[in-house]
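These notes concern the structure reproduced below.
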Amino acid sequence: MSNFPILIVALPLCFAFFISLLSLTKLNRFCGHLALLSVGVSFVLTLCLGPRILAGEKIAYSLGNWPAPLGINLLVDGLSYLLSLIFGLLVLLSVIYSLEDHKGKYFSLVLILYAGMNGVVFTRDLFNLYVFWEILSISAYILVVSPQPASLRASLLYLFLGSLATALFLLGVGIIYALAGTFDMDALAREIPVIWRTQPLAILLVGALFLVSLGIKSGLFPMYVWVPEAHSLAPTPISVLLSGAVLKIGIYIFIRLFLTLFRTEVSLEGLILYWGLISMVFGGCLALVQEDLKRMLAYSSINQVGLILIGIGLGTKLGMEGSLYHLFNHALIKGSLFFSAGMIIESTGKRRIRELKGNGIVPFFPRFSFLMGALAIIGVPPLNGFISKWLICRAAVERGNLIVAALILIFGIVAAVYYLKVVQNLFSVAKMCQTEKRQSSSIPWIKYTCLGTLLGGSLVFGLLPSQGLYLIREAVALIFP
Amino acid sequence: MILEHYLAFWLHPFGMYIRLDALSTIFLSLTVILGACVLIYSIRYVKEDRIRYYPLLILFLLSLSVTFTSADLLSFYIFFEISSFIAYLLIIHSRTRAAFRAGSKYIIMTFLGAASIFLAIILIHRQLGSYKFSALGELEVSGRSGLIRLIYVLFIAGCFIKAGIMPLHTWLPDAHPAAPSPISALLSGVTIKIGLYGIMRFLFSTGSLSRLAVSYSLIGFAAISMLAGAVLALLQDDAKRLLAYSSISQMGYVLLGIGVGTNLSLAGALYHSINHGLFKGLLFLCAGAVIRSTRMRNLSDLGGLRKRMPITGIVCLIGCLAISGVPIFSGFISKTLLSRSVEKFFCLKIVFLLTASGTFASYLKFYLFTFSGALPQGLTRVKEVSWSMLLPMLFLAGFSIFLGLFPDLILSKVILPAIAEISIFSSAVKFDQVNPLSALYPLILGGLIYYLGIRTKLFFIEESPLWQRTGSQFRKVSVDRFYTEVVAMIEKACLLFKNIERFSFNTHLLFILVFLTGLVMLLYFTPQGILFP
């Protein structure tokens, strides 16, 4: 079982290679199925690790049997397992969703993305983390491109900002290597307090570089600009992955680096709290006035990522619990929202919120799941968004930050305003002519299963928070033992 | 007997408790009775989208029932929110533009109220470490008085929004006309009682009614709601709006009873909640029957339906008499109990008299404009509604008379056990030594107001020259307008903010560089990190 981590990462990479070869032959149409197979196997391997990880074990694997400071180590602990679970689920669903619409190289790119994501969360080597991050980013840049001409511009924008972010990150990694002489995180955790005593400014500079780079990647306030463009113009399954998984990578690296490495030196909690607060307010305000459905969802992602950051910034165990739970929930909810938005846009051909009137045009299930997803993200009780929002609010109040709790609740109401605006349009009766009715294409049932899985998940984790808390317990224990 | 049960399957680590005591039983039975009536009534009333209407209605009744039987603040909040949202879906059932607008206003205000209650609950949990109502007794001594006061304000304000107490009422007169009539009956009969039930539970569990400030502020808001609700009800032309404003005024009565806080006034408040649930439900169902068969809802278009819809006319008359407090009907009992409990306060007595007469006048208008007078041209072929709609109305009318005829039975079997659970005093309340003639003053005054209103045409804003001259000034002070303007201002600010999207890529890069520099400087000057406020 100890070689599972490398299998989880390597299997999709190998398959990506084969698929790109296969796409040149006549068996082109089986690319998707092959991709599904490899993602499925990787996901099952991830699931197999579950019982041992959740029992508190850590599974390590050294590449080429080189021990820690020399070689690259992969380690699966609670935090990486939680993230890997989210990635596996979302990638699996996205591949299923895109089986009919895409072919060939698309799938090999998705597999590279998947391998990159798992690599980032498993690796214990800082430079290796950078490499995997770059791998996943590059495939994400390409995947954003869809038949819409504007998506090319979005992809370029994402590319520029993303490369800026990874370049800043690499600069930080370089400085750290110059100071400590190692990339291994465990070794760095021992070294950094020593360096801090002699060269605190270098550490602070690294901190600032990392923060900006992570801020760009997770779409926080002043560097969010790629988020709405890329999310709204990418194909539906890619929007799901971007919002549910790629944005979360930044948060993961943040938690990993700052709360396990730099913890003793710099207390960034206040900064993170305010940054999250500003992002939340900004995302909420701009989502309120969007006219494009998917842009609105993208701004809502900024809002929710801000909320996750607030939970981290509160710096208590409860806050961390809430924000990891929200990270998980947001992946489920935003996934189902983007899937249903994609179906709505596919079946009507319209994406402006005001034009989505049409009880008869849009099929029932996407409308219903959009409503449920909206409820979950607003935080209406029986669904999972409520639990995590509640935990974060409780953490804020227990920390004595009443205003933060009040703002979180108020922006829940703002979210209610902008989501219900869409819901109202979706459920309103429109006069339509016959031609429009014929236009609406039927949606294959297999896409409904993706949506159903995510909705079921958000209901289960809302009704049974004990299960969700069980999932994140080990991750929280890592940071707040 | 008190039943309590731990819902183990739901929200497991946090715990949810269900508890049935006498106070819950009152509201639970009100929900069940009115719910059954509404379910039967809806069979013939709701024709479109039944596949969505009935599941929602059943879920709505279920969530309302659990709200009233929850034993802890958490499950109270959870089911409060669920029922609010289902109510939203029911309000927008007709999917017209007006319904959507009313629904948005309703859901925003209710969510605001829910958020405020939620914040209060989290604060309480921090203070006490428990969500249970039974633990609330220690809240008073658990912390700084400023914090405790904040908790009170947050919780009570949230409940005020739900209960439609002025000046937080503005969702109510829009949502009721927009919803299908059976839903309006439930909204007015049961849903808005959740707010008052919450206030009762909270205040009596914390024992904070001994604070004069709480008591006086409740009485103040109650008096405003009573008077303003009655006056605004008088001015309405839409039948269901009239009933909605009258609900605000009647909720004022109940709140007044809670605010005064003696056993007598509490008995009055509980009795009035039951009564109001029944007769306001009845009146909304009557209005629904009229709207269903005439397809008109403005009082000035209606008239002379007594001959066409005789049974509806009779039950509507019973409802009007009951709400106006005429002896032998139920409203008389509760209003007498309440007015006896405020006998010592002269101002409140005046408010009482004015409100009662205003109520009577508005229901005179409601009944006379609908059922008497000449039949308009368009309504000559109107038929009585079907039996499945009449039966629930007849049942509610009968219940209203029953509650008026046997006050001692209800008081001793239903209301006093509930008061014994929540109140610290233990004096018996009896309904005796009542002079039925005391009900005569408001009736005479109300008749006078009605006569004057008709003669001067003050009742109709469009026709009266006085309103045309002063109306625009009058509307400027409306709270509704104030809220709408605040919302519009927020949206305008967001639109202004949206211009950031148009900035070029270079500007955004500049932002990032400035941020990076700022971050480095910040960390340089405060290497210990930014501390919490």
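Quick reminder: no glycine exception, Cβ is built from N, Cα and C everywhere.
Where the annotation comes from TrEMBL, it is an automatic prediction and has not been curated.
Taken from TrEMBL, the feature transmembrane segment covers A:6-27, A:34-54, A:74-99, A:106-123, A:157-180, A:200-226, A:238-259, A:271-289, A:365-383, A:403-424, A:445-464. Summarising the annotation, TrEMBL assigns domain 'NADH:quinone oxidoreductase/Mrp antiporter transmembrane' to A:124-407.
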Residues from the same chain, set at least six apart from the ends of the transmembrane segment (A:271-289), whose C-beta lies under 8 A from its own: 211, 215, 219-221, 224, 296, 299-314, 401, 404, 407-408, 411, 414-415, 417-418
Criterion met for the transmembrane segment (A:365-383) and the transmembrane segment (A:445-464) (at least three Cβ pairs under 8 Å): yes
Contact yes or no, the transmembrane segment (A:157-180) and the transmembrane segment (A:106-123), 3+ Cβ pairs under 8 Å, gap 6+: no
Selected stretch (most C-beta pairs under 8 A with the transmembrane segment (A:445-464)) from A:6-27, A:74-99, A:106-123, A:200-226: A:74-99
Same-chain residues near the transmembrane segment (A:74-99), Cβ under 8 Å, at least 6 residues beyond its ends: 4-6, 8-9, 32-33, 35-36, 39-40, 42-43, 46-47, 49-50, 53-54, 56, 58-63, 106-107, 110, 113-114, 117-118, 121-124, 235-238, 240-241, 244-245, 248-249, 252, 255-256, 324, 327-328, 331, 335, 339, 342, 446-447, 449-450, 453-454, 457, 471-479
Cβ-Cβ under 8 Å with the transmembrane segment (A:106-123): same-chain residues at least 6 beyond its ends: 5, 8-10, 12-13, 15-17, 19-20, 23, 31-32, 34-35, 38-39, 42, 46, 72-76, 79-80, 83-84, 87-88, 91, 94-95, 98, 129, 131-140, 142-143, 237, 241, 245-246, 249, 252-253
Residues from the same chain, set at least six apart from the ends of the transmembrane segment (A:200-226), whose C-beta lies under 8 A from its own: 137, 154, 157-158, 161-162, 164-166, 168-169, 171-172, 175-176, 179, 192, 246-251, 253-254, 257-258, 262, 265-266, 268, 271, 275-276, 278-279, 282-283, 301-302, 305-306, 309
